[in-house]
């Protein structure tokens, strides 16, 4: 039988400290990028209605995501936390890209002037989501123990 533990035994206490810091850093980065900083962009642009249209879905998802991740983290279900991260960032990426697309259509079709802070914020959110999916998630997944087919009865 190969060394190692089954995936079911992988818990918060057994996670390497670097992975725990990475997950926490990702959560705090998401909170800043998707919940706190959009308020600054809306204040700079003075277009609260447009800002809430573009950023409210990601804000709500971020708050819900952090609450669920904290509960699963405290329950010791680390794999559930890792499973939530790519799914939520994919949704955030789609919402950010849709916002950028809509802003570009407003500018091109209607000739509406969109304040620079709104597309910059949406672009930063899209970049954060892509960075998490392309770097953080693979780094975490690479540290997970592998269940061996030979260990199965």
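Quick reminder: no glycine exception, Cβ is built from N, Cα and C everywhere.
A quick note: this is a predicted structure, and the numbers were derived from the prediction, not measured.
Under the heading transmembrane segment, TrEMBL lists 21-42 (among others).
Same-chain residues lying 6+ beyond the ends of the transmembrane segment (48-68) with a Cβ under 8 Å from its Cβ atoms: 27, 30-31, 34-35, 38, 41-42, 84, 88, 91-92, 95-96, 99, 102-103, 114, 118, 121-122, 125. Among the features that TrEMBL reports, transmembrane segment is placed at 48-68 (among others).
The transmembrane segment annotation in TrEMBL covers 80-101 (among others).
The annotation transmembrane segment is assigned in TrEMBL to 121-141 (among others).
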With a Cβ cut-off under 8 Å, give me the same-chain residues at least six positions beyond the ends of the transmembrane segment (21-42) that come close to it. 48, 51-52, 54-55, 58-59, 61-63, 65-66, 69, 73, 81-82, 85, 88-89, 92, 117-118, 120-121, 124-125, 128, 132, 136, 139-140
